[in-house]
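J.: Please read through the structure below; I'll follow up with questions.
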């Protein structure tokens, strides 16, 4: 190859100079800017600045001095070609265009090309190997090299090609798949296919990274696809979990457990007597292990229920021999002499009862009043003939009655509705009048009858008085007659 380059160099050299001058003013579509190209060269660590741009930094000068033979792809050359006034700098400029196959392209431009279009391709990676133009072997590059340099290039290429070839072939296959994927892209169209494609690409990238751990593989993230895959996984996971549990299923097995029943039975046996505990333990042993919910609940309530059976007691109120005539809801007041005011005793049911007397069978009545709720006795008095009763107002009656607390006669006020007050007043008035008439009759019956001798003496005395009066009258009349007789004789 060195001999071939030496033979073609004088024939092709002028055309190469003219071709690079015209080519230097055009930029490839894959490159973004001269600054971006220079940054990529800096990141690669093999940057060789052109002579036209004068750098003042020490880094560029040190790199320019220490730079030897460097392999750079011709697609990464940016900027204009050197002017025609500097022909001596042309060989150094031509050192950047080196014969290099497509499999040996640097990986760093691929990372830059993926970061820019990632937002537009919806996460589908487009490596720089696919977008950038493929390098071709030009005879001009061979003509610009010296025989020693071309020999060194061939030696280095032979050493580096076997190391990069497997990875390069995988990248070429991966590039062809990714070129077919983003063609005619519409947002949201065939989203499932893209998910599958990304999964396949990820698997291929994993295989490549496992084969070549030193190579840098870009990771394209698409949040829409991640959300769809995570939601699908969650849906399947929730569906699997929902089929496992059903509410209310096998409730008897969950509620009924033999240890808990034994504990409950032991508690009840402690509270009950020894005889009851023995009977319950025998019944539990005879009972089957698995019972229904209703049966177990009935057995539990029966075991824990305390049957408090009270003896029936006959209620005695003292009104068993009486007949109720009238009962009303009212409020009772008592007159306090010290404070000269009415004090409430309580409210409840006032009953008017009639009863037969044991002595002579006469009718007697009494008033009984108990408080509502507690049934405490607050009034218990009999009706008598000298009992005073008057109607204080349309809804109240004032009576005198015996007090059950101090057994003295006090003045009470009964307050109720107008209808109940009228009925009570009429019933009390009728019974009090009957008691008064009966009392008068008793008094007349109890008075002693007059004696017969005494009546005769009185009659004789009366007759004597009449006789005494009669002679005096007669004598008076005789004298009068005598006077009359004397008078005419005298005349």
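Just so it is clear, glycine is given a Cβ too, placed from its N, Cα and C backbone atoms.
Sharing the record's features from Swiss-Prot:
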- 1-10: compositional bias 'Basic and acidic residues' (COMPBIAS)
- 51-67: compositional bias 'Basic and acidic residues' (COMPBIAS)
- 111-124: compositional bias 'Polar residues' (COMPBIAS)
- 133-149: compositional bias 'Polar residues' (COMPBIAS)
- 152-162: compositional bias 'Basic and acidic residues' (COMPBIAS)
- 275-286: compositional bias 'Low complexity' (COMPBIAS)
- 302-442: domain 'RanBD1' (DOMAIN)
- 2: N-acetylalanine (MOD_RES)
- 9: N6-acetyllysine (MOD_RES)
- 21: N6-acetyllysine (MOD_RES)
- 32: phosphoserine (MOD_RES)
- 33: phosphoserine (MOD_RES)
- 40: phosphoserine (MOD_RES)
- 56: phosphothreonine (MOD_RES)
- 58: phosphoserine (MOD_RES)
- 146: phosphoserine (MOD_RES)
- 257: phosphoserine (MOD_RES)
- 277: phosphoserine (MOD_RES)
- 279: phosphoserine (MOD_RES)
- 296: phosphoserine (MOD_RES)
- 463: phosphoserine (MOD_RES)
- 1-177: region 'Disordered' (REGION)
- 255-292: region 'Disordered' (REGION)
- 438-491: region 'Disordered' (REGION)
- 49-57: motif 'Nuclear localization signal' (MOTIF)
J.: Does DSSP put residue 296 (phosphoserine) in a helix, in a strand, or in coil?
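T.: Looking at the DSSP assignment, residue 296 (phosphoserine) belongs to a helix.
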J.: What average pLDDT is reported by the model for the motif 'Nuclear localization signal' (49-57)?
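T.: Looking only at the motif 'Nuclear localization signal' (49-57), pLDDT averages out to 48.
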J.: Per DSSP, what is the helix/strand/coil residue tally across the domain 'RanBD1' (302-442)?
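T.: Helix (H, G, I), strand (E, B), coil: 28 helix, 64 strand, 49 coil.
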J.: With every protein chain in view, what's the tally of Cβ atoms within 10 Å of the Cβ of residue 296 (phosphoserine), excluding that atom itself?
T.: 16
